[in-house]
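Enquirer: Dropping the structure in here first, questions after.
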Amino acid sequence: TEIDWKAYMQEVEGFANGTLDYTQLKGDTGPLVYPAGFVYIFLGLYHATGRGSDIRLAQYLFAGLYLLNLLLVFRIYCRTSKVPPYVFFFMCCASYRIHSIFVLRLFNDPVAMAILFLAINLFLEERWSWGCLLFSLAVSVKMNILLFAPGLLFLLLQRFGLLGCIPKLCICALLQVVLGLPFLLVNPVGYLTRSFDLGRQFQFKWTVNWRFLPEEVFQNRVFHAALLLAHLAGLGLFALHRWHSSKENILNLLKDPAKRKPASPRLTVNNILWQASCVCPLNASAWIVFILFSSNFLGVCCSRSLHYQFYVWYFHTLPYLLWCTPTTKLAHMPKVLLLGVIELCWNTYPSTVCSSLSLHICHGLILLQLWYGTAPTAVSHTPPPSRKPTAISKKAQ
């Protein structure tokens, strides 16, 4: 189980020894393919664990990370008030695969996700600049965090308009430049092609979601392009009809919030709540979480390949995606069953035709629930007169 940990330590050891050419940083599993934030964080672990030799200490550190990750996720769920308490048992205790990813395999995916959940907590506190900084840091550990980026961009445009969100985007970009600067100065092309390689091929033997396909189809570029188009189409449909009120022109998001019509003069928490009620019966915090989590889930559904450690990309978001829509008493058991089937699919090693097909069926059922369970309702676009708009708080700037 320490294969990946040793490879990580070998990759950062080169940097510890002064190697700044990213193409020369390698391990037993191949070249380093993660951005610079990964190098700095795992370099700290490299020194903390005696050059990676004290694996037991590393496991304790990752166990602490696991508990911190749960705390951050629970805080998000507490703000949304959508998931019944008993579901948290499954999140904490019922996933052998998640425990393995955190404490046995010591992957970098949990590190990226923990930072991401911290960023979402900051978004819910209206600390958008700090949240964007942490979001970019998470991207610098592993690029799967970019699956949340379309949802975040939508929220920034909704909250600040085009001109207002540019400084937030600059924060994200600037951090990437600062973290990668030592490598960019030595071999910029090597750093960018290795750490942000979006065209990287995956091995068929590790795929969890496409096992039912022939290998030649799995590796075919036309298939990859079709998945990309499906992903973009899904994002477009959700942005137009689920994230945004269908009665308003989505181009209004580009305007300053104070100049939008029809809208309140300022986009406050109360006004976000009102806009959300026009599309889905969620409170303001839940609406932010819905957009981010559904953005990520669409990306997972259209991924060219899902490896076993990728389960952590969306495991902690599944309860919210299942329970964010109106749920009758009789519907709780099927949702719990869906969680169980997904867990079973991810614990089937190696994956089979049956397990990969079952995983897609579960994903499809969740997508259908999100689409039909969050359909726009006939709500007037005039905010209640009793709710007086207030100024945007300074910490939201």
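A Cβ is built for glycine as well, from the same backbone N, Cα and C atoms used for every other residue.
As listed in TrEMBL for this protein:
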type	residues	note
TRANSMEM	32-48	transmembrane segment
TRANSMEM	60-77	transmembrane segment
TRANSMEM	106-124	transmembrane segment
TRANSMEM	130-157	transmembrane segment
TRANSMEM	169-186	transmembrane segment
TRANSMEM	222-240	transmembrane segment
Enquirer: Are there residues at least 6 beyond the ends of the transmembrane segment (106-124) whose Cβ is under 8 Å from a Cβ of it, and what are they?
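Expert: For the transmembrane segment (106-124), the sequence-distant neighbours (Cβ-Cβ under 8 Å, at least 6 residues beyond its ends) are 2, 4-5, 8, 34, 38, 41-42, 55, 58-59, 62, 65-66, 68-69, 72-73, 75-76, 79, 130-135, 137-139, 141-142, 144-145, 148, 152, 155, 285, 288-289, 292, 309-310, 312-313, 316.
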Enquirer: Please work out which recorded stretch in 32-48, 60-77, 222-240 has the most C-beta pairs separated by under 8 angstroms from the transmembrane segment (169-186)?
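Expert: Counting Cβ pairs under 8 Å, the winner is 32-48.
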Enquirer: Grab the same-chain neighbours of the transmembrane segment (130-157) for me: Cβ-Cβ under 8 Å, and only residues 6 or more beyond its ends, written as numbers and ranges.
Expert: 34-38, 41, 108-109, 111-113, 115-116, 118-120, 122-123, 164-165, 168-169, 171-173, 175-176, 179-180, 196, 198, 235, 239, 243-244, 253-254, 288, 291-296, 298-300, 310, 313
Enquirer: Using Cβ atoms and a strict cutoff of less than 8 Å, what residues sit near the transmembrane segment (60-77) while being 6 or more residues removed from its termini?
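Expert: Those are 45, 48-49, 83, 88, 91-92, 99, 102-103, 106, 110-111, 113-114, 117-118, 120-121, 124, 289, 316, 319-320, in sequence order.
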